[in-house]
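What follows is a single structure, written as structure tokens, with notes after it.
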There are 2 protein chains.
Amino acid sequence: MNGSIDPHHGRLFIMGGAAGPGLLARFVELAGGAAARIVVIATASAEPDAAAAAHAAQMSGAGSVRALRIVTRADANAPGVEPVLRAATGVFFTGGDQERITSVIGGTATDSLLQELVSEGDLILAGTSAGAAMMSATMITGGESQRITAGSVRTGPGLEFLPGVLIDQHFGERGRLNRLLSAVARYPHELGLGIDEDTAILTEGDCFEVLGSGAVTVVDAGTATDIQVPPSGPIALAGATIHVLPAGYTFHLPGRRPVAGTPAAERERAA
Amino acid sequence: MNGSIDPHHGRLFIMGGAAGPGLLARFVELAGGAAARIVVIATASAEPDAAAAAHAAQMSGAGSVRALRIVTRADANAPGVEPVLRAATGVFFTGGDQERITSVIGGTATDSLLQELVSEGDLILAGTSAGAAMMSATMITGGESQRITAGSVRTGPGLEFLPGVLIDQHFGERGRLNRLLSAVARYPHELGLGIDEDTAILTEGDCFEVLGSGAVTVVDAGTATDIQVPPSGPIALAGATIHVLPAGYTFHLPGRRPVAGTPAAERERAA
């Protein structure tokens, strides 16, 4: 257990898809570099063995990288899982379909153990694309409508590693701000996070830091003074707040407040 | 001259493209219905005669509809323009390329006369798509980048019928919030208005009302506490305000403030 980590959310490394070598190297480094023992879980993928192998090949700087094959709930409850995860310093969830992750792993021994190991700071949990979406309390499961309506987004519960947020991925690349706006208009309790490709958030304590080449768009409907979500037709959302944050910015989750600089600088400022 | 209209901005009917029969009928009604004398200007179109004829055919409820062919600056300065525009109760600019409008009409007798007739309330000026973009002080002339960077949007001066705003059109349909965010991050003086297809704003005094089947997305970077626009790489924009406003909402331009209800209701509320 790493005593320097605030266990509030544990360490989560949440990527918007298409992570380049820089982000993957950073994950390996955070997991321990040459001493890292990384486990790749490709449950989201329709071809889990190929997906796991492709990701493992990109983490050559790690001490060890292995795939953990979980494609059924029986796999997720198998006794062999526990020693593999307990030995890991980093776990990486690949992309694919986020509902495969939640339906196969949700409520299983793997789910419980990951929650424990992450909250204790025993490992860093990373996910890209579908592996990012499943981190949130509420995940977007579909909807590519061009308009901002109640029906233009579908949501479902995620695995809640990062509560209070709703994560969308491939964000700029797929023009998904409309569906994120629809989602937070319906659920203004959730902070909307849109993560671009080759971009990540790294949680530390109550904050997350933005890393990578793109930006994280934060939509906060908590400030909205008027929200109307009719069963059909366009949504009204007046007075929401939007932040576009590239690398070098930190976001303070309880305060819903962005800060220029790293979490370390933010701690100094707050002290 | 219609004495009931506050001449502040004149009456502008600004459509986000692909206007359906409902919006066009509303324009005809505002121009005088059976007494309306409508002039269609298709300067933006690569095929101006066909574009003008197609739009004219959709305004059958008007007393008269005629095309005014302006494809060169000589056309825009021709003496025959003035009597046609002075007789009009409504002028309609079609879509196409907004830079054709500004380069052919900018600074000509047609430009000056339209500014006068609009500000005096002698006619209602409508535009769709490119005809909407040219209404603003600063118009977006290109840029479809998926990311929010300084280079992801190109802008140029519009004809300034509606000062202080930057209008984007086909907004939801083409996923253009990123380029609107880029533009207002660079020019936070300008309020960003993204108008969906078959959706319009109708100005009245200092306000505009939303009409049609979609929404108008308003991005106000005036509230931003931190804006960084590096020459390359992603923009930072912290603390901007976003409003998504369907039909039935009014926006007060000087206060940068949305209000549920029509401008008439807003006047009553303010009185």
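Placement of Cβ uses the backbone N, Cα and C atoms for every residue, glycine included.
Residues or ranges marked as active site, charge relay system by TrEMBL: A:Ser129, A:His170, A:Glu197.
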Do any residues at least six apart in sequence from A:Ser129 (active site, charge relay system), in the same chain, have a Cβ closer than 8 Å to its Cβ, and if so which, in order?
A:Met15, A:Gly16, A:Gly17, A:Ala18, A:Ala44, A:Thr94, A:Gly95, A:Gly96, A:Gln169, A:His170
Of all the active-site residues given, A:His170, A:Glu197, which residue's CB has the most CB neighbours within 10 A?
A:Glu197
May I ask you to report the DSSP-based helix, strand or coil state of A:Glu197 (active site, charge relay system)?
coil
If you run the three-state DSSP split on A:His170 (active site, charge relay system), which class comes out?
coil
